[in-house]
């Protein structure tokens, strides 16, 4: 006899999330451990709540597989990022970028240039992590060689990389968000412009304000 399903309330649905976040905070901050056990704990609690609500194990298992399929592209991209970074460093590509970057880019416009380059690269490849791990590493080396503070360089690179990642139709997170809620990908990107464009404008304006300070440090 099939068990009658009970509707899962919002309060009950967020219990696994609260437990997972609490356990993860204690594990990482207090015990300085890995987040794997809290993630498994959250999964177990979610499965138990679904079972108590009347769902069978096959249905729970199917939902788990669906979640894995949605997250798999992000996992693959992270693996590829590690391969790319190692290959670029081992092949001397990062060192070459630093060498020519010092020759071609002026310290006065370096931060703005890195923001634009990071945004273009991330938009083209759809990955902020790949951009920061390749172009970002080279940009950090160039900027430090020019005497520019590392936090400013990181801010410029990350601002551009995340903007390009959010706007790219190849981005794993953008595709994942659109797929989960069931909306058109480009419609999702269009609505994100309302938050990403102002963020990039604020970041770029801040870099323009810092430009005089950076030029003074370089001349000094």
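Residue numbering: from 1, along the chain as shown.
Glycine is no exception: its Cβ is also placed from the backbone N, Cα and C atoms.
Annotated by TrEMBL as transmembrane segment, the relevant range among 137-163, 164-190 is 137-163. Within the domain 'Na+/H+ antiporter NhaC-like C-terminal' (160-212), the DSSP-based counts of helix, strand and coil residues read 46 helix, 0 strand, 7 coil.
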